[in-house]
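Engineer: Submitted below is the structure of interest, expressed as structure tokens.
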Amino acid sequence: MTKLKSNKKHNLAGLGIVPEELTEDNIESWKNCLKNYLVGNGLWSVVSGQEIEPDKTNKQVHEEWKKKNSLALHAIQLSCGLALFSKFKDPHISAQYAWTHLAERASGKAQQPVPVLDYVKEIPIEDNGLGEYLDYKSLYKAIEEGNLNHTEVFLQQKPDAIRARVTLHDDTALHIAILFGKIAIAEKLVDLMNADDLQMINDHGATALSLAAICGAKKLAKTMMIKNKNLVRIASVDHEDGQLPVIVAALYGQKDMVRYLYRVTPKHELSPEKGDNGATLLNCLITAEIYDVASKLLKRYPKLGVTPDPSGYFALGILAHKPSAFYSGTKLKFWERCIYSCNHHGSHDNEHVEMQTSSSIDDHNIEIESSDGDTMERKAHGGLTITTRVPEINYIYQRKLVHVEVAKFLSVVFEEMPQLSKSDLEKMHIDQIVYDAIKHGILEFIKEMIKWNPEIIRKKDKNGKTIFSHAIVLRQEKIYSLIFDLGTKKSIIAKKHDILKNNFLHLAAKLSPPSQLERVSGEALQMQRELQWFKEVENIVQPKLKEEKNEFNKTPEMVFRDEHKKLAKEAENWMKNTATSSMIVGTLIAAVMFTTAFTVPGGNKNDTGLPTMLETQRTRFLIFMISNALSMFSSSTSLLMFLGILTARYAEEEFLKSLPLKLIIGLTCLFFSIVTMMASFGSALYLILQEKLSWFTIPIIVLSTIPIVIFSILQFPLLIEMTIQTFGAGIFDKPKKKSCFAKFGACWQG
């Protein structure tokens, strides 16, 4: 890592711009070096804004400015490092914009103190023309301290204070009470206020209901709504870009509050024809993982699924970054998967049913709105079973509810997709959405997309890659396994190339993303997984593609060797280190067992040389000798296996079967030798102490199991993982009972 870092610094220094890329610690020196470079090359006038962009009608002058801007922007991009470069790779941004955000803003941020929340700033005591606010200082203090009695006394003396602006930010007493979390005082204030008072906003444009939405004060919100039902339609003018209270609650992840406010908000306010509120709320609900409300909103207005919010984000794009919302992206243990598959629940289509399908598992009630507007608490599915009260089982239950709800959500969105034109899909960035879904391994997302448009499996993006190309590069075996549903047609798909003339095998030869490599323990198993991918893709491509060269004049095998050179070396070291450390243990066991075989407990007879206990304690003595011999033989076998690992050639192909097999046999034999050694030790103790201290042998034998337990904890998971990966069914889901492509065979004709 140090070497790579030094190389990066050296490369930047070689450019003659800055000695190292921009970090939090070198802002000033970086800025000075880069400014000197820009000044020396006559580019500073463009960056500083002294030379603004000329009118395009003067073509020669504009081209000269454009050239300077591009050179300056290129210098900034090279100097800021890869992490920041991605923020300024848009060719349409100016060098002045990049400099302002990197240099001036960064420098200013380092000098400014941490800002205090405007909402909770105390009123200044000095009277600098602020007398009207100081009149309410005691009221402010009483609310801040949660003193209800003092608050009531003040309001009795000054009744008009209930609607007065008591802070510099035009907060009323109710605003202050909610911000300080004094709900009891807030409820009392609501009782004293009339409907119009509740509509008062502070200088941030926030009503008291908006603040209650932030705090999640559901009971208080209900009290306010009883007095003024119009509050849910009042958007915060400045706060959170002018959002309705239900949107504010979703932004802050207040799930119970969201469910309540959604129910009481007039639905026409969320219509796509009315404005951006619907799309904004939908995206906020997905971000906050409140999928039950999101599904209900989308069911009412399906068009929202393909409508961008004011920031240009689409619901599908956000959902593509939520793998936990799908079964394929949820990591479950074996027993959890069993419970998941056994857990069945019916569907509820009632418009008023508010199933808590969010990731929260605090409770499992659903809310049903009665005809008089009250909320009744009912148990999901007519009463929870006793098993769902177990936290672990309830978690799985909640996750499955989420998955079911999101599946319905996806289905509704993709039903709207056929109505979109090609330009609409481009504005939606559908290729990026597909890529993100593949990157996060969301199998259900891709399947649903294929149902919407079967031709998408052959469609290429701007880089010439198909969904299977991305699945190979990103090492998403579940999505890649869809290719096996195509039968013989998979060979047609597998011959496609990207813009760099890489075929599928070239892509499989590339190194896995770090996030995928880290899923596998040990560099040797990582190398094995890489070879499994390469061999699997090799089986479906045409023979001529195996030797085909890409744009860089490299065959797939050459690409694999170059990409995995470092990993192969690390895998070799990992194998050797594991074999060496295990070999030491095996050698000790073999030496001890060999010695023990000739120094048996009880000694030998002088006349025959046979063990004395062979006649007196025959059965127990045979147990001792057999376990001793088994330990000796198994440890010797493990030594031979580890020796074979140390003397191997370490070619790439050996990591596929040969080396893992040797390590599996070696570790298995070593574990068996430890078990039999402890059995031999325990039986020897029993033979020696049975007559005088037989009670003492039991705790000793129990303690002798500790090495076995420790070895099992440390090495068994690795041994099991290696065995499954080497001899298991494989990482690819080849057998498919029902193909999701079956109904689309017509797409392949012609």
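Just so it is clear, glycine is given a Cβ too, placed from its N, Cα and C backbone atoms.
TrEMBL lists 573-687 with the feature domain 'PGG'. Summarising the annotation, TrEMBL assigns transmembrane segment to 583-601, 621-651, 663-689, 695-714.
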Engineer: Where among 621-651, 663-689, 695-714 do we find the most Cβ pairs under 8 Å to the transmembrane segment (583-601)?
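Structural biologist: It is 621-651 that shares the most Cβ pairs under 8 Å with the transmembrane segment (583-601).
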Engineer: What counts of helix, strand and coil residues does DSSP assign across the domain 'PGG' (573-687)?
Structural biologist: 92 helix, 2 strand, 21 coil
Engineer: Taking only the residues in the domain 'PGG' (573-687), give me the average pLDDT of this model.
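Structural biologist: Across the residues of the domain 'PGG' (573-687) the model's pLDDT averages 84 on the 0 to 100 scale.
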